[in-house]
């Protein structure tokens with residue numbers, strides 16, 4: 001029973017876990033936590049809050065579809081909320097993770113049904129969501145439709161032609177093709 005209106009505290013266990021499993025210092029973790037609790041006083045982020053934040057970054061498009069996939073990937077315990085630990089682990093991977101870590105994270109997002117592989121339908125759904133989020137300023141010519149883009153990706157990556165991408169095929173394919181890596185991880189050239 002806490003004091004009414006009191007904000008959740010960062011536990012020592014979570015702090016130690018995040019120090020060991022992220023590239024953030026203790027001070028940075030505490031600073032991130034302070035901002036997180038300020039924005040999410042209940043100590044977790046709902047899907048609705050998450051979508052609202054994403055919409056602010058992509059005002060000309062429809063971010064809801066893509067947000068569903070990103071939210072699912074952040075929410076590793078499938079609680080329907082993103083707690084601070086899940087949030088900071090995802091921020092760490094997406095902002096300062098190795099290429100392999102970023103690709104593993106992207107793979108989990110693309111693997112919509114969670115079966116450990118990505119099929120062409122899953123790839124198309126993600127590409128459609130990305131196009132919707134980016135909005136009308138991104139020209140979607142017939143040559144660059146989600147279906148054609150997915151087919152091109154599978155032609156390059158599906159080594160054994162079983163119509164599914166394993167994590168290894170996905171990572172190896174992206175590491176071998178810088179353009180695909182940038183597209184599939186939303187990585188921008190620095």
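Keep in mind that glycine also has a Cβ here, set from the backbone N, Cα and C atoms.
If you draw a 10 Å sphere around the CB of residue 79 (Ca(2+) 1 binding site), it holds 10 other CB atoms from the protein chains shown. Taken from Swiss-Prot, the feature Ca(2+) 1 binding site covers 75, 77, 79, 86, and the record attributes it to sequence analysis.
Every protein chain shown contributes to the tally, and the Cβ of residue 115 (Ca(2+) 2 binding site) ends up with 10 other Cβ atoms within 10 Å. Under the DSSP three-state reduction, residue 115 (Ca(2+) 2 binding site) is assigned to coil, being neither helix nor strand. Swiss-Prot lists 111, 113, 115, 117, 122 with the feature Ca(2+) 2 binding site, giving sequence analysis as the kind of evidence.
In the three-state DSSP assignment, the secondary structure recorded for residue 160 (Ca(2+) 3 binding site) is coil. Its Cβ taken as reference, residue 160 (Ca(2+) 3 binding site) is surrounded by 9 other Cβ atoms within 10 Å in the chains shown. Feature annotation from Swiss-Prot assigns Ca(2+) 3 binding site to 158, 160, 162, 164, 169; the stated evidence is sequence analysis.
Annotated domain 'EF-hand 1' per Swiss-Prot: 24-59, in sequence order, evidence recorded as a curator's inference. In terms of DSSP secondary structure, the domain 'EF-hand 1' (24-59) contains 25 helix, 3 strand, 8 coil.
Annotation comment: Swiss-Prot describes 62-97 as domain 'EF-hand 2', evidence class sequence analysis. Taken as a whole, the domain 'EF-hand 2' (62-97) shows an average pLDDT of 90 in this prediction.
Residues or ranges marked as domain 'EF-hand 3' in Swiss-Prot (evidence: sequence analysis): 98-133. The list of residues near the domain 'EF-hand 3' (98-133) in space but at least 6 beyond its ends in sequence, with Cβ under 8 angstroms from a Cβ of it, reads 54, 58, 61-63, 65-70, 72-73, 90, 140, 146-147, 149-151, 153-154, 163-167, 170-171, 174-175, 181, 184-187.
The domain 'EF-hand 4' annotation in Swiss-Prot covers 145-180 and rests on sequence analysis.
In sequence order, 74, 76, 78, 80, 81, 82, 83 are the same-chain residues whose CB sits within 8 A of the CB centroid of 75, 77, 79, 86, the residues recorded for Ca(2+) 1 being left out. Looking at residue 86 (Ca(2+) 1 binding site) and residue 111 (Ca(2+) 2 binding site), their Cα atoms lie 18 Å from each other.
Note on proximity: of the binding-site residues 75, 79, 160, 169, the one nearest residue 113 (Ca(2+) 2 binding site) is 75, by Cα distance. Cβ neighbour count for residue 164 (Ca(2+) 3 binding site) (all protein chains, 10 Å cutoff from its Cβ): 17.
Using DSSP to sort the residues of the domain 'EF-hand 2' (62-97) gives these counts of helix, strand and coil: 24 helix, 3 strand, 9 coil. Beyond the ends of the domain 'EF-hand 1' (24-59), by six or more residues, the same chain brings 7-8, 10, 15, 18, 66-68, 70-71, 74, 79-84, 87-88, 91-92, 133-135 to within a C-beta distance below 8 angstroms of the stretch.
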